[in-house]
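Take a look at the structure set out below.
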């Protein structure tokens, strides 16, 4: 009966890593280039929870690139006035990344976390909205692009003021406390309970 301890370990590991325990992080990928009309208009909003990731994919080209030249950017986190004017100036403008290699695949990731051990990391507060803009480099054909990141959840009753698309598109599907846990979590709990009642574990 050496398989029973192994079965117990596998079940508990699956349970502890499941969304019911908050062990599942979501990733939202944004292709940061001027072919994205929502980034151009400034109405792109992403809702993420703590421990989720925002992945920014820089513009990249196969071959010579567009006739007007490749897009290259410096991406900043700014306050609301900087977002509205698309200006990365002042003490509340933080340079986050530089997309300067248009002929190679470059991707940056921002972990949405309350506390960070890194000196250059950023700490996010639930219920707050953060603003990202990109400023084209002088030789770039790019334009100002803007994105809002809303960090869930200050209060469970408050809803997002902006649509974020379908759950698969926005990267916000998954269990957030208060909603129904996933069927996998319920199945694992039921299996653990049955095995415990049968005194197998």
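Positions of Cβ are set from backbone N, Cα and C atoms, glycine also.
Swiss-Prot lists 58-99, 86-144 with the feature disulfide bond. Summarising the annotation, Swiss-Prot assigns domain 'Ephrin RBD' to 26-155. Look at Swiss-Prot and you will find 33 tagged as N-linked glycosylation site. Per Swiss-Prot, GPI-anchor amidated serine is recorded for 170, and the stated evidence type is sequence analysis. The signal peptide annotation in Swiss-Prot covers 1-25.
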Self-check item: Nearest of the recorded positions (33, 86, 144) to residue 99 (disulfide bond), judged by Cα-Cα distance
Solution: 33
Quiz item: So what's the mean pLDDT when you look at the domain 'Ephrin RBD' (26-155)?
Solution: 89
Quiz item: For the disulfide-bonded residues 58, 86, 99, 144, which Cβ has the most other Cβ atoms within 10 Å, all shown protein chains included?
Solution: 99
Self-check item: Distance, residue 58 (disulfide bond) to residue 33 (N-linked glycosylation site) (CA atoms, angstrom)
Solution: 7
Quiz item: Counting every protein chain present, what is the number of Cβ atoms, excluding its own, within 10 Å of the Cβ of residue 33 (N-linked glycosylation site)?
Solution: 22
Quiz item: In which DSSP state, out of helix, strand and coil, do we find residue 99 (disulfide bond)?
Solution: strand
Quiz item: Expressed to the nearest Å, what is the distance separating residue 58 (disulfide bond) and residue 144 (disulfide bond) at their Cα atoms?
Solution: 14
Quiz item: Can you check what DSSP calls the residue listed as 'N-linked glycosylation site', collapsed to helix, strand or coil?
Solution: coil
